[in-house]
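**Q** For reference, the structure I am asking about is given below.
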Amino acid sequence: MKNALLTPWRLRVYPRLLLFALALAVGAALVSGSGAGVVSGRLGGDFAEFYAAGRIVRSGDARRLYDPAVQRAAQVDLMLSSGGAYVPFAYPPPFALPFALLAALPYRLAYALHLAVMAALLYGALWLACREMAWAKPYVPAVFCAAVLFYPMLRALLGGQNTPLTLALCVAAWSLERRGRTLLAGLCLALLCFKPQFGLALLGLFLLAGRWRMAGAGILGLAGLGLVATVLCGPTWPTAWLGHAKWVVATSLALEGDKAVSLLGVSRHLLAGSPRAALAVGLCLSLVVTAILGRAFWRRRGRDIPFSLLGLAVTGLVLLAPHAYFYDTGLLILPGLALLDARFPHGPALVFGLWLAGLAQLGAGLLGLSPLFPAALAVFILMEVAIRHTAPRRAT
């Protein structure tokens, strides 16, 4: 029955039709309303913080990039309310540079271009991954369609988030390393440090796996980005950035609730009445996940790094993040692909269950917990099992 429904022709044509319909819906939203407002509310979600950061850099005021008053003023026309609310920008200075280009465009056009770039990055990442899998090569559009319709990724795309960029840099680093392009792979990890909890952690894991040149290239890339940040924001940028980021994370922790998907975040949410117990539980579980990741990469010294190990890494890093919202689980697309590629027992059913867990996030308020948290835990365990059954090859 499954083979009768999922014919090669349908897998090629139907996803394209679905994507076309989705593009029409997004286009209709873009032409509704005015400014940052649309029929359904504010256009672009968190894109406002990136666009405003671009405005600040473009105005020549980059040295005050992390001044809350400056950020609020740059977003005043992007917020639908008049209560002084704004979305704080807490990324490293170089990440604001591309948005300085977008800030030259009207907000709606800039958002549309950002959405197109993020979608292209997602497609490119899936193409890179699927070309390593004979069964998936002909069906990249179908995989892309399933990824776009995975609720966390859909929310990330429409909400102006950068989950597709994170995913693309992870896959690019893995793919380039497999082909011996260690310099470029390391530079991808340096760029990934726009989210230090991912970039620095993956640098450390690849170092554990004996990828010295890759890690060295990553460190050189970080030095270059640090120089760019110094030119842009002055020599005191680390203090300004870290201080602002610490404040933003501390403020955001109180807002996580049923959106939290990390071990620390969920522990804080479920044990809100006992902060010390929540911290202890979160840290203990984080140590277990860290040990599993470290051991898995350590055992790959001199051997190839399979796609399943990348899937384990991104899942583990979402769980380990001090602060992660449900849309960060859009990265679970990678372990989902890895489960299918490993011919894991009941793999398609498990991946469909993950997709349903994403959809169930709509009811997280009723559940009192993000369903994507137990899904991420289950995926992490399944990836560990899949890796144990992956026959290792010598690295080339």
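A Cβ is built for glycine as well, from the same backbone N, Cα and C atoms used for every other residue.
Quick paste of what TrEMBL says about this protein:
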TRANSMEM  109-130  transmembrane segment
TRANSMEM  139-158  transmembrane segment
TRANSMEM  183-208  transmembrane segment
TRANSMEM  215-237  transmembrane segment
TRANSMEM  277-298  transmembrane segment
TRANSMEM  305-327  transmembrane segment
TRANSMEM  354-387  transmembrane segment
**Q** Are the transmembrane segment (139-158) and the transmembrane segment (354-387) near each other by the rule of at least 3 C-beta pairs under 8 angstroms (pairs 6 or more apart)?
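**A** Answer yes, regions in contact.
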**Q** Would you mind listing the long-range same-chain contacts of the transmembrane segment (139-158), meaning Cβ under 8 Å and 6+ residues beyond its ends?
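**A** Hits for the transmembrane segment (139-158): 11-12, 14-16, 18-19, 22, 26, 45, 115, 118-119, 122-123, 126-127, 130, 164, 326-330, 332-333, 337, 354-355, 358-359, 361-362, 372.
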**Q** Who are the long-range neighbours of the transmembrane segment (183-208) in its own chain, taking Cβ under 8 Å and residues 6 or more past its ends?
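**A** Residues packing against the transmembrane segment (183-208) from afar: 91-92, 94-95, 162, 165-166, 169-170, 172-174, 176-177, 214-222, 224-225, 293-294, 297-298, 301, 305, 313-314, 317, 320-322.
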**Q** Would you kindly list the residues that approach the transmembrane segment (277-298) from elsewhere in its chain, counting only those six or more residues past its ends and only Cβ-Cβ distances under 8 Å?
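**A** Hits for the transmembrane segment (277-298): 205-206, 208-209, 262-268, 270-271, 305, 309, 312-313, 316, 319-320, 380, 384, 387.
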